[in-house]
Amino acid sequence: MSILKSFIEVSEDSHFPIQNLPYGVFKPTLNDQARIGVAIGDFVCDLSVLADLKLFDGKLKDTKVFHQENLNSFMSLGKELWSEARKTIQNLLSSETSTIRDNKEYREKIFHSISSVTMLLPARIGDYTDFYASKEHATNVGIMFRGKENALMPNWVHLPVGYHGRSSSIVVSGTPLKRPWGQTKSDEPDSLPTFNPCRLLDFELEMGALIGGESTKLGEPISIESAKDHIFGLVLLNDWSARDIQKWEYVPLGPFLAKNFGSTISPWVVTMEALQPFATKPPTQDPQPMKYLQEQGNTTFDIELSVSIKSPKMSKPHKVSTSNLKYMYWTLTQQLAHHTVNGCNMNAGDLLGTGTISGPTEDSYGSMLELSWKGSKVVSLGTETNEERKFIQDGDSVILSGLCKGNGYQIGFGNCEGTILPADKRQ
């Protein structure tokens, strides 16, 4: 069986072959209006131009959704039109189709070099919920703070634990973030809390699911069977965490200032349709979850993930961890079904974070908290500078990457990168 090819040259190591076509929001120049495109090789295909040229047909014939400053309108159209759009774009970019391939004027209007455009947040994120769905991560953290005998809380194997995060401070890859201030307290007996910049700044390797389809009605749950039809696509997510602030504040309601100072997502949204060839079975769940969470078959995805760190002294990043979405105990569809089982309504553009994705080995842990085991050991940044870390320092850049390896092609997410700036000076 021949592999689908594009007339746009795509290198073997590209994250963006014609089998992928992730959606993003971009500006060709800073003064231009934002619009929607898909990535193909080293280029962005401008979907607003395709629409202006009347190259979409069917229900999308006169669409204006690709002229918008975010993907929300397109994501709200639902699975049928997502699939129709993908089929049309894939056909237009195919090496077998002459419409754009043989029209120089069209090509000059449609394609922009990825390196020349400004990428924006892909969606207007209304609500953000972060889960705690990796058994390895939850166990590691539990051992550190409660001991082996009480590592997992009793509820953990019965439901996907989550909390509501802050959508206003979600930023697109490449946006620097300042080290946050907050209250911390030492472990010394009779010590008092102090107000200071975070000393234990951490990353969390996560993925985020963007919700699509029509808004659900308040009081109507999304069933486990239909949950997949409400997920438009996935992004990489770094849920930055201030561990010392979190330790003092989290009882009894969970993290607050330790999380809401910033979360970084990748600009390209890889659709569920593109990911389907990489569907795989999740870990066996024991005990069997309640009926509303039960699902069969290949309900998660084999997505290889990595974390690299680049200090100001380094010329290139050094990989510190590799993991995989397939390790997650609770799947994205289970998370969505649980989120709505009480009738909570969902809107296009809502974001669900998986929680830290840790694997079974020490080199697959998804946070510095685990890699340094609560700061008890150092993490090497390689031989170029022989630097070491226990947590993230000022000037450090953290780069997340994700990749699905197919037969003759690969589907990637690009990078999710953020750099930590020094904290503001305060009295």
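The count begins at 1 with the first shown residue.
Cβ from N, Cα, C; glycine included.
Remark: GLU206 (Ca(2+) binding site) has ASP130, LEU236, LEU237, ASN238, ASP239, GLY353, THR354, GLY355, THR356, ILE357, GLY366 as non-local neighbours, by Cβ distance under 8 Å and separation of at least 6 in sequence. Taken residue by residue with DSSP, GLU206 (Ca(2+) binding site) is part of a strand. Marked as Ca(2+) binding site by Swiss-Prot on the basis of similarity to another entry: ASP130, GLU204, GLU206, ASP239.
Shown in sequence order, PHE256, ALA258 are the residues of the chain, 6+ apart in sequence, with a C-beta less than 8 angstroms from the C-beta of TYR250 (substrate binding site). Taken from Swiss-Prot, the feature substrate binding site covers TYR132, ARG146, GLN246, TYR250, THR356.
Marked as active site, proton acceptor by Swiss-Prot on the basis of similarity to another entry: HIS137. The secondary structure of HIS137 (active site, proton acceptor), as reduced to three states from DSSP, is helical. Long-range neighbours of HIS137 (active site, proton acceptor) (same chain, six or more residues apart, CB within less than 8 Å of its CB): GLY355, THR356, ILE357, SER358, TYR365, GLY366, SER367, GLU370.
DSSP assigns LYS259 (Mg(2+) binding site) to coil in the three-state reduction, placing it in neither a helix nor a strand. For ASP239, LYS259, SER263, the entry in Swiss-Prot reads Mg(2+) binding site, with the evidence type similarity to another entry.
In this entry, substrate is bound by TYR132, ARG146, GLN246, TYR250, THR356, whose most widely separated C-alpha atoms sit 19 angstrom apart.
Geometry remark: SER263 (Mg(2+) binding site) versus GLU204 (Ca(2+) binding site), CA distance 9 Å.
Take the binding-site residues ARG146, LYS259: by the count of other Cβ atoms within 10 Å of each Cβ, the lowest one is ARG146.
Note: the CA-CA distance between LYS259 (Mg(2+) binding site) and GLU204 (Ca(2+) binding site) rounds to 11 Å.
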